[in-house]
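Visitor: Below is one structure. I have some questions about it.
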Amino acid sequence: MAAPKTAAVGPLVGAVVQGTNSTRFLVFNSKTAELLSHHKVELTQEFPKEGWVEQDPKEILQSVYECIARTCEKLDELNIDISNIKAVGVSNQRETTVIWDKLTGEPLYNAVVWLDLRTQTTVEDLSKKIPGNSNFVKSKTGLPLSTYFSAVKLRWMLDNVRNVQKAVEEGRALFGTIDSWLIWSLTGGVNGGVHCTDVTNASRTMLFNIHSLEWDKELCDFFEIPMDLLPNVFSSSEIYGLIKTGALEGVPISGCLGDQCAALVGQMCFQEGQAKNTYGTGCFLLCNTGRKCVFSEHGLLTTVAYKLGREKPAYYALEGSVAIAGAVIRWLRDNLGIIETSGDIERLAKEVGTSYGCYFVPAFSGLYAPYWEPSARGILCGLTQFTNKCHIAFAALEAVCFQTREILEAMNRDCGIPLRHLQVDGGMTNNKVLMQLQADILHIPVIKPFMPETTALGAAMAAGAAEGVSVWSLEPQALSVLRMERFEPQIQATESEIRYATWKKAVMKSMGWVTSQSPEGGDPSIFSSLPLGFFIVSSMVMLIGARYISGVP
C-alpha cells in the first residue's frame, strides 16, 4: 500500500532556472521559502567558429521537461503531493536569441548565446548608421550598441540564415529570448502556445523602450526587425498560460524574470540602493535604483529590474556585467586540464594562498563593463619559473574579484553612495576562498545566504505572488528572512589597493589585441605570392653575394 501523502507542507511553487551551462527545476514551500526538492541537467555548448557560441533550443526544452519530471518523482519519494504545486516561475539566461517556426515548432537556427561575438561587424556597420544623436540607442534602451544584446543577433540571423529569411517572408517565424521559447512550448507550442516575454527580458533585446515599456518602432526600424516577430510583453508576475503536458499539466506559469533580475528579487533587494552580485558563467552586479532610470556615466547598463504585477510599477537597476567568471573555471578544466573538477580550483588556490605576482585577465569575449572593449583578449602576465598551476588557479579566482571591484567602483560613482556590504549568490559562492578574496579586494563585508538558490527563489516568489495564484506574499513583514554567512576583510586596505592597481595594468595590456590592421600597416600576403622563378634567382644572387663578401672562393 502506498505511503500517505504529506499535506502539511502548504502551497508549493516551482521554478525553472535555465542557465548557460545547466537547467534546473526547484520546488519551494511558499510559506517558509524552504527548498524541498530539485533536479539539474547539464547542457552542451557549440563553438562552430572562433567567437561563436550556440546552443540547441530543443536540447534546452528537453532539459526543462526532464528536470520537471525528475523533481516531481523526488517529491513523490518524499511523500509530497505534487498537486500542491500551485504555480511555476521561469528564470532564464538573458539576451540569448532563438527564432523558430510557429507552424512546426522547430527552431530555424541554433540559439545564439549572449557570449557570442559573431556580430562584431554587424555592430560596426550599425554604429555608422546611428542618427545625429549618438546616444540614440542608449537613451531609449539603457544599453550600449554591443554584440551582447539580442537585436544584433537577430539581425545577423536575418542577414545570414536562409531558413530564417524564408520563414520571415512567409510569416512563419517567431523570435524570443529563452523565456519566450520555453513559455510558448510549455503552454502548447503549435497548439495555442503563448508567445510572450516579460519586461526584464524585453529590456535586454535593444528593441524595447524602457521608459514606455513597449517595443519601440524607431528602434525596430533602425535594426530592420519586423515587429510581428516580437513576443507580447507582460509584467514579471501574472498568469501567462497553463502547462499543457507532463506531471504539471494544468499548472499556471505565472512568473518570469531574466536570471539576474530574479536573483535581485530572491535576495529581496526591494529598496533603492540595495545591490547583489551573482557569480555564474558571468558575473552580474545589480543595484536597485527604484522607480527612476539612472543612466551611468561610468560604463554601466540601465535595465528594468522587475515589475511584480500588471498594475504594479516598474523598478529599475544599474548593472555591471562581467563576461567570464565561472566560465574561466570551465576553461581551466576543459581547455588546459589544470583541474579535473570545478571544486579542484578552491583546493589549489588554498594550497598557496597567493598568485605570487601572476595576474589573469580572462577577456575571452572582450571586456564588458565598465570598458565595453571588444578588442581585448585574455592574458596571463607576471609569470616566473616559480609559477605553478596553484598560482594560476588563485589568479583566476582573483580575476573574478578584481572585475567585481571595477564594477562596484563605477556603481558607487554613479549612485553617489558607496555600498557598505555586498550581497552575493550563484554557484561560485560555494567557494569559500573566492568569497574571502572578494571581501579582501573590495574591503567591505560579503554576505552570502546559506540557501544559494536565490535566482530560483526570485522566480518562485514572482509566480506565487501573481494575481490569481496569491500563495506568496511580497509584503515586507511576510518575507522569509534568509540565514546569511558573512565574510569580513582580512588584509590591510593598502595591500588591496596595490594588488588592484597591478590588475589594472594587466587589463590595459589586454586591450587592442584584435585588430583588422596588419602589423606595421603592411600586407603580409605579398610575401606569400612571389613567383617561383623570382624566388630562385634572388636566392642565388644573395648566396653568391654572401660568398663574395666572406671571401669564400
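Placement of Cβ uses the backbone N, Cα and C atoms for every residue, glycine included.
Pulled these from Swiss-Prot:
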type	residues	note
BINDING	T20, R94, Y148, D259	substrate binding site
BINDING	R24, T281, G326, G427, M428, T429, N430, N431	ATP binding site
TRANSMEM	526-546	transmembrane segment
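For the listed features, I'd like the structural context: burial, neighbours, distances.
Guide: Proximity of D259 (substrate binding site) to non-local residues of its own chain (separation of 6 or more, Cβ distance below 8 Å) is seen for V17, G19, S91, N92, Q93, R94, T278, G280, T455, given in sequence order.
Listed in sequence order, the residues of the same chain lying 6 or more apart from G427 (ATP binding site) and placing their CB within less than 8 Å of its CB are Y279, G280, G326, P452. Classification of G427 (ATP binding site) by DSSP places it within a helix.
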Visitor: Roughly how many angstrom lie between the C-alpha atoms of M428 (ATP binding site) and T20 (substrate binding site)?
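Guide: Given the Cα positions, M428 (ATP binding site) is 14 Å from T20 (substrate binding site).
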Visitor: Find the one among the binding-site residues R24, T281, T429, N431 whose C-alpha lies closest to that of Y148 (substrate binding site).
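Guide: Sorting the binding-site residues by distance from Y148 (substrate binding site), the top entry is T281.
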Visitor: Give me the Cα-Cα distance between N430 (ATP binding site) and T20 (substrate binding site), rounded to a whole Å.
Guide: 18
Visitor: Fill in the CA-CA distance, T20 (substrate binding site) to T281 (ATP binding site), as an integer in Å.
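Guide: Between the Cα atoms of T20 (substrate binding site) and T281 (ATP binding site), the distance comes to 7 Å.
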Visitor: Can you tell which of T281, T429, N430, N431 has the least company, meaning the fewest other C-beta atoms within 10 angstroms of its C-beta, among these binding-site residues?
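Guide: Comparing Cβ neighbours within 10 Å for the binding-site residues T281, T429, N430, N431, N430 has the fewest.
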